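Structure first, commentary second.
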Amino acid sequence: MVKGLLNTVNRRLSHDDAGKLLLRLAVGGLMLFHGIHKLIDGVDGISGMLAAQGLPGFIAYGVLVGEVVAPCLLILGVLTRPAALVLAFTMVVAWLMVGLGKTFALDTVGAWAIENLVYFFVGALAIALLGAGRYSLAGQSAWR
């Protein structure tokens with residue numbers, strides 16, 4: 001009886017493509033908020049941070065690619081795997097720029113100080129491995 005119930009539950013909840021869509025919407029949508037913030041406030045703050053590290057300020061525009069363009073592509077399901085890899089790379093760069101010293105630190109509520117970076121990084125890697133799924137603007141094409 002229990003086995004039959006578990007099989008029924010598993011069968012009814014087995015919607016891989018819906019899960020992929022939900023993951024894309026969550027990771028892409030939440031990252032897009034960060035990107036919109038940078039669009040509104042401009043990239044001057046990021047350029048300043050890069051300059052302080054001895055890096056050219058124009059690299060700040062790469063942040064917009066990673067936090068605006070890539071999330072939009074994820075949400076739409078277009079060029080999903082490359083966009084996910086761009087987002088994952090953006091999280092590695094963010095960790096190297098601002099989170100490296102906080103890698104093992106806890107914040108005021110006991111959470112891992114860089115957990116948002118890790119969530120986005122792992123979510124992006126999962127999307128890169130899973131692909132867009134059926135619910136994609138690109139349909140069945142190679143652009144998915």
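Using N, Cα and C of the backbone, Cβ positions are placed for all residues, glycine too.
Just so you know, TrEMBL annotations are computer predictions that nobody has curated.
The transmembrane segment annotation in TrEMBL covers 21-40 (among others).
Annotation source TrEMBL lists transmembrane segment at 60-79 (among others).
Annotation source TrEMBL lists transmembrane segment at 86-105 (among others).
Panel annotation: around the transmembrane segment (117-137), residues 16-21, 23-24, 26-27, 30-31, 74, 76-78, 80-81, 84-85, 87-88, 91-92, 94-95, 99, 144 of the same chain, lying at least six beyond its termini, place a Cβ under 8 Å from a Cβ of the stretch. Per TrEMBL, the feature transmembrane segment maps to 117-137 (among others).
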Sequence-remote partners of the transmembrane segment (60-79) [C-beta within less than 8 Å, at least six residues beyond its ends]: 21, 24-25, 27-29, 31-32, 34-36, 38-39, 43, 46-47, 50, 86-87, 89-90, 93, 127, 132-133, 135-138, 143-144
